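The structure under discussion appears below in the form of structure tokens.
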Amino acid sequence: GWKVSMKSGSLSYILPYNRLPVQLVSQVRVYTSNGQKKDLGSEDTNGSARGETLQKVETGQDTTSAGQKQSSPKQPIQVKVKAVLKKREYGPKYTQNNFITGVRAINEFCLKSSDLDQLRKIKRRSPHDDTETFTVYLRSDVEAKSLEVWGSPEALARERKRRKEAEIKYRENLFRNQRLLWEYKEFFGNTKPRSSTAAMFFKGPGKVVMVAICINGLNFFFKLLAWVYTGSASMFSEAIHSLADTCNQALLALGISQSARTPDPSHPYGFTNMRYIASLISGVGIFMMGAGLSWYHGIMGLLHPHPVESLLWAYCILAGSLVSEGATLLVAINEIRRSARAKGLSFYQYVVQSRDPSTNVVLLEDAAAVLSVAVAATCMGLTSLTGNPYYDSVGSLGVGTLLGTVSAFLIYTNTEALLGRSIEPEQVQRLTELLESDPVVRAIHDVKATDMGMSKVRFKAEVDFDGRVVTRSYLEKQDIEQLLQEIQQVKTLEELEAFMLKHGENIVDTLGAEVDRLEKDLKQRNPDVRHVDLEIL
């Protein structure tokens, strides 16, 4: 006789009506954080109907099951009372428990440092690597103090506007004073010791660029004289080539000096990409000035050929240019080999990945210069032997094609670097294995490792943390006996809530400390990783 079905809340009972008398109680009590409780009564509006049904089950069928009811004892089913903590409404903008630093409090709320001395000070874990803790204040305390100092929100808004106008005026005066100081230094001479930016041009890529500027400048001057004397199209292309190299390397020097600037609020990640920007512009300049003018002069030579004068001086200048360009090329090759060895890369990988764009430009420009000297000398020699000026024009076209190829390679590699390409898969695998081998990490998802340029890597990943390990790490730093006593003293809902809030906040702080530890380990074991963003799943 399993035929009578009764529902109470979400529970469903199917009982034999002739065997077991049933008594059901369905009640929910809602507890608030202040200890009050509300009896919501029955969960179903048809409670009275169910009561009548139960009464019928208990008292009905007297004639058929009277003997059976006397033999079977009553076993009422007990349902536990469910206690629910009332949900607290925080509102769309809840900032009562927000922290704020002293600098922000002074700047945003127009306070003085003496005003903050009267507020509650809270020590929190520092987000910076150089300090472990720092002092913060409750935002609600700061807001109340600002109203106490200024009297009303309107007065505070007027003071903020006044300070903003004063800041704009100060920046304008600062720019004007810097300009006057620059003019003063130009007039009286600069006696300031050599800065770190100037020292960059005496070693590494800066030294390579400065050597290339000096040599290419001299080459341009002598090649220009040879072209004026001989009228050779190939010599004109060589002179334009040296001029383009000199201008582009001056642009590289500007990029190196700008990349040494310290980060500011507008550029929090610094100015290291200025080297890639300068190299990209240099590649465009080579294409327009070098390749474009060489092609133009070669085509004009084919359309309007003219006899070439004595090429003796041109050969001498080309020989000197070959020696000087070769010397600069050797300097660039040695610098790239040294840098590639330090990074554990081959020479080819270092050049293709554009690890050092400034040195790459010098390397490719000088390599193209040496090859173009060989092309120009060959075509001029054929012109001297045959007396045909077309060979000289073809040499100009060959030099232009060579410069176009170099410029295309530079534009491609520097564009890829500026777009933010990923690092090598082997490096990503090492970083991922380092995180996954930590006990506090369950899984790693959505890993992104981007090369920001100049061997600076930004690593981002979403991490699934093991809450049990984090909690155990927190408990290892606590007095377990004292914690047990606190648990035993919990008697009311208010005490339970206070206990959970206290230790819950401490566990969240422990999770933040674990994130900081993982970020520090990644930076220490991989010096190229400068910025780490670990997002908690």
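Glycine is treated like the rest: Cβ placed from N, Cα and C.
Source: prediction; values computed, not measured.
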Of 13-32, 393-412, which span is tagged transmembrane segment by TrEMBL?
393-412
Take the C-beta pairs under 8 A between the transmembrane segment (311-333) and each of 208-229, 276-299, 367-387, 393-412. Which stretch has the highest count?
208-229
Which sequence-distant residues neighbour the transmembrane segment (367-387)? Criterion: at least 6 residues beyond either end, Cβ under 8 Å.
216, 219, 232, 234-235, 237-238, 241-242, 245, 307-308, 311, 314-315, 318, 321-322, 325-326, 329, 394-396, 398-399, 402-403, 405-406
